[in-house]
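Working notes for the structure below.
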């Protein structure tokens, strides 16, 4: 059996007339250049709302069931500040991951003029996407939800209602990390609160009735354990993907490596920014991605 190289399965065509932009699917959001990136997907929007609701539910139980009724003011203040800070960073990271362009390739750029501007040499080809009429840079993949080709697309995550790609992977990693941290923190506080209530009178350890307090704590414990496991696994997977410089789709499809191999430290700096600083942990610090190289469109 003759083996066919992986890139032969992609849409390859040299003729500029092959793609007709007017017949392509419309973009997921109308508006001029500079419009805020937001994917209008019903499932993704619902998942994003659920994510915020669960974080706010944890906030409610931590504050009004465990910390505010506590007589240990130092314990309440320290844990209240820490939990709220982590929750704020988690939600901020979620917003940045959801509202940041993940690296969408310009739609409809598969035109004769643009192809000629690439100044192809003999033997060079360009990858074209017939779904969004764009010329795909190397390592770009088409997302059926975003209806765009995304540079270094790792996967489409409904929880952030967006693709995880070249421009927003940092924010997604921070989101999973902070969710895992607040989940662990909440579980630890639930454990201490149960011990405190067993030693003291249940009617004095919460403003709610004992049955209501137990139900609220059990639900928070279940939520915290579930999301601690899920986000910890996702965080580890993303860090491994970054260090090996291989996206989730590339690993799944077992695509042949055609890009230069770099050290793990250089791969981390490419995602989180140069140089290493506290900005790596901040969802408000935008990493320097550099300018797109026209040569990435040709092979």
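Here the Cβ of each residue, glycine as well, is placed from N, Cα and C on the backbone.
Residues 171-194 are the range that TrEMBL records as transmembrane segment, among 123-146, 147-170, 171-194. From the options 45-67, 252-274, the stretch TrEMBL describes as transmembrane segment is 45-67. Note on TrEMBL: of 73-92, 93-112, the range annotated with the feature transmembrane segment is 73-92.
Beyond the ends of the transmembrane segment (73-92), by six or more residues, the same chain brings 52, 55, 58-59, 62-63, 67, 174-175, 178-179, 181-182, 185-186, 189, 281-284 to within a C-beta distance below 8 angstroms of the stretch.
Per-residue pLDDT, averaged over the domain 'Palmitoyltransferase DHHC' (128-254), rounds to 91.
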